[in-house]
Amino acid sequence: MQGANFSAVTEFILIGFSTFPHLQLMFFLLFLLMYLFTLLGNLLIMATIWREHSLHTPMYLFLCALSISEILYTFAIIPRMLADLLSTDRSISFTACASQMFFSFTFGFTHSFLLTVMGYDRYVAICHPLRYNVLMSPRGCACLVAWSWAGGSVMGLVVTSAIFHLIFCGPNEVHHFACHVPPLLKLACGTEVQVVAKGVGLVCITALLGCGLLILLSYAFIVAAILRIPSAEGRHKAFSTCASHLTVVVVHYGFASVIYLKPKGPQSLEGDTLMGITYTVLTPFLSPIIFSLRNKELKIAMKKTFLSKLYPEKI
């Protein structure tokens with residue numbers, strides 16, 4: 001084993017749902033419905049923003065980019081997970097496992113970076129309204145979206161390269177339903193494992209906490225600006241523009257903190273699987289619901305768009 005890229009393992013076996021043999025069909029139907037709803041919800045948001053010219057603003061451009069990242073993130077994990085729930089052969093090739101990890105981290109961190117950009121957008125809109133068109137110009141918004149995608153790609157490349165640089169020479173059963181970092185690290189051998197584990201953990205936690213702190217800082221200035229508004233109606237209107245984004249941030253970082261910041265200790269396979277489901281399936285499922293129900297402009301635009309198709313004489 002002289003070469004760093006050498007591995008005796010050519011495939012992995014994902015055994016995340018093996019402890020729920022009698023519930024796999026129920027899980028398949030439930031996750032399939034949630035996945036289809038996630039796809040439909042995000043496509044609906046994107047179509048509404050595309051068709052409604054009043055929504056062609058930076059806030060909804062970022063929301064459209066967020067929907068794209070969410071669709072791609074779920075596509076990287078859930079179809080494979082659904083197939084495994086109906087199959088007795090849950091093997092995944094070494095290359096496919098690395099690809100899944102790369103794309104899931106890329107789109108997952110892109111999602112976090114876009115949420116941070118959306119927080120900055122709300123900060124500029126409320127704290128610097130007169131400079132909003134200058135600071136959030138079309139070119140500037142496009143750059144922020146591009147940097148978010150570039151940052152997500154770098155994170156995906158760094159984490160995947162670090163993990164699959166290791167040597168896998170022992171068992172090949174991954175105690176998860178996807179190619180997740182902690183269960184893969186348990187299968188690696190060699191002196192570099194602990195260093196890589198600490199390095200990957202530090203990079204991921206630093207990126208998530210950095211995004212979270214920037215969002216908190218944005219909202220600290222936003223709350224201070226809102227409290228200075230004299231009328232209650234004005235304060236309510238200003239805060240309502242942030243409600244959907246803030247709710248999604250709380251859900252996103254709440255589940256992410258459970259995954260990445262949980263205390264170390266013995267954890268059952270069932271517990272790891274259920275916690276992974278919350279972040280992989282439940283969070284993307286809730287996101288389009290929150291934006292659709294808590295964003296008044298988007299909700300009105302959706303009703304207008306679909307009513308015009310179903311009942312054209314009423315529009």
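Note that Cβ sites are derived from N, Cα and C of the backbone, with glycine treated the same way.
Given the structure is predicted, the values throughout are model-derived calculations rather than measurements.
What TrEMBL says about this one:
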{"type": "DOMAIN", "residues": "41-291", "note": "domain 'G-protein coupled receptors family 1 profile'"}
{"type": "TRANSMEM", "residues": "25-47", "note": "transmembrane segment"}
{"type": "TRANSMEM", "residues": "59-78", "note": "transmembrane segment"}
{"type": "TRANSMEM", "residues": "98-120", "note": "transmembrane segment"}
{"type": "TRANSMEM", "residues": "141-168", "note": "transmembrane segment"}
{"type": "TRANSMEM", "residues": "200-227", "note": "transmembrane segment"}
{"type": "TRANSMEM", "residues": "239-261", "note": "transmembrane segment"}
{"type": "TRANSMEM", "residues": "273-293", "note": "transmembrane segment"}
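Counting residues 6+ beyond its ends, the transmembrane segment (141-168) has Cβ neighbours under 8 Å at 1, 4-9, 58, 61-62, 65, 69, 94, 98, 101-114, 116-117, 120, 181, 184-185, 187-190, 192-193, 196, 199-200, 203-204, 207 in the same chain. Residues belonging to the domain 'G-protein coupled receptors family 1 profile' (41-291) score a mean pLDDT of 87 in the model. Sequence-remote contacts of a segment are chain residues at least 6 beyond its ends whose Cβ falls under 8 Å from one of its Cβ atoms, and for the transmembrane segment (59-78) they are 31, 35, 38-39, 42-43, 45-46, 49-50, 100, 103-104, 107-108, 110-111, 114-115, 117-118, 121-122, 125, 141, 144-145, 148-149, 152, 178, 241, 280-281, 284, 287-288, 291, 298.
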